[in-house]
Amino acid sequence: MEKTDSRKSEEIVKDVVDPRDQYQDVYVHNASNDIYEDGSIDPVYQAKARLLNCAIQEIGMGKYQWYLFVVAGFGWFADSVWPLIGGLILSPVVSEFQFQGPFLSLAMNIGLFVGAVFWGLGCDIWGRRWSFNVTLLIAGIFGLAAGGSSNFLTLASLLAVLGVGVGGNLPVDSAVFLDFVPGSHQYLLTVLSIWWSLGQLFVNLIAWPFIANFSCPQGSTPATCTRSENMGWRYLLFTLGACTLILWALRFFIFKLEESPRFLAGRGNDAEAVAVVQRIAAFNGCSCSLTVEQLVRAGDLARERAGATEKHATVQVLSRSSSYTIDHIKALFETRKLAWSTSLLISLWAIIGLASTLYNNFLPFLLASRGAKFGDSSYYITYRNQVILSVLGIPGAFLAGWAVEQPYLGRRGTLAISAGK
């Protein structure tokens, strides 16, 4: 089956690309190494996406892609920083508001779940660009607002809305990054986790002095813990909210994100998809041989070879009317191979998400309780130890980026080892 799929891909590319084009071999090679089985998705979209991927490979890893690595990393940074907040501020907030601690984490995680679903599906309806620019803005605004909370209900509600923004960062930013990075450099998606590690280090470095120096003593009650004596967690939220808004401003005002060419092609905007590719090539100071005629021709050939009816030929993988149906989800399970891959990835993300949430929310309590056994459970020692643990996570991002490119490990081996540990 895979050999047949590869031959079809090569034939379409050879028919579309001018034999005199110096990049024809690159186009054919990339099409023949497509991992999707023919018939698993809309053949017209699949053919166009293959050609667009080849065009991005022709452009190579240039200035635009490296800038994108940085601004997409802001999303990973925020997605690391904000989910940690529940655990970092829990003790001083409980001292001031006197509530059951787990409910603060619950509110935050409800928001994260809603955000992941909403933005993950939404970016395929109204586009990556809009979602990419809005998520950090939501996080920054509500992060600042949460710092002014006067009671638990207000704080939990604001953190839940903040989570809606933060929850969209990983799915949207990952999709955006992969849409513009050539296949030869897609291992950099793994290296993007360096921003995650930097986020953990940053938030712990900020929390260390604020919580340690501007909090009520541990074990205080609302009667003995006043707002003026317990400003540390508020200073932390104000600082993180302001930093998030700065990152959003850099994204929105300094870097111009192009809409995904694959998204545009999926909605039938072939001319704009090619225009985006050409603008990226110009930004990088190079040229790209892709034309609108080639993209249209690739879709026509795929339609002919799939034996599509006229009705099927008008179906687009992404709807112009911004509607979403269960068929979009069913497409992830269209073939046995896709169903297995989708189920496995969902399971891994669920397990990792569960472990990460439990670990990050329990860690401050664990460090404090273990510190008490040694005679020092102060905030200073607790957050100092968290900083040490955060520093140790930074080399892991570079190690993972190296491991996924090793033939004896690859993506599956690296994922199995990291998940197992």
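Heads up, the Cβ atoms here are built off N, Cα and C, so glycines get one too.
Positions annotated as transmembrane segment by TrEMBL: 66-91, 103-123, 130-149, 187-212, 232-254, 338-359, 387-404. Residues or ranges marked as domain 'Major facilitator superfamily (MFS) profile' by TrEMBL: 68-421.
Residues belonging to the domain 'Major facilitator superfamily (MFS) profile' (68-421) score a mean pLDDT of 84 in the model. Comparing 187-212, 232-254, 338-359, 387-404 for CB pairs under 8 angstroms to the transmembrane segment (130-149), the maximum falls on 232-254. Sequence-distant contacts of the transmembrane segment (187-212) (same chain, six or more residues past either end, CB-CB distance under 8 Å): 69, 72-81, 84-85, 88-89, 92, 174, 177-178, 181, 232-233, 235-236, 239-240, 243, 378-380, 383-384, 386-387, 390-391, 393-394, 396-398, 400-401, 404-405, 414.
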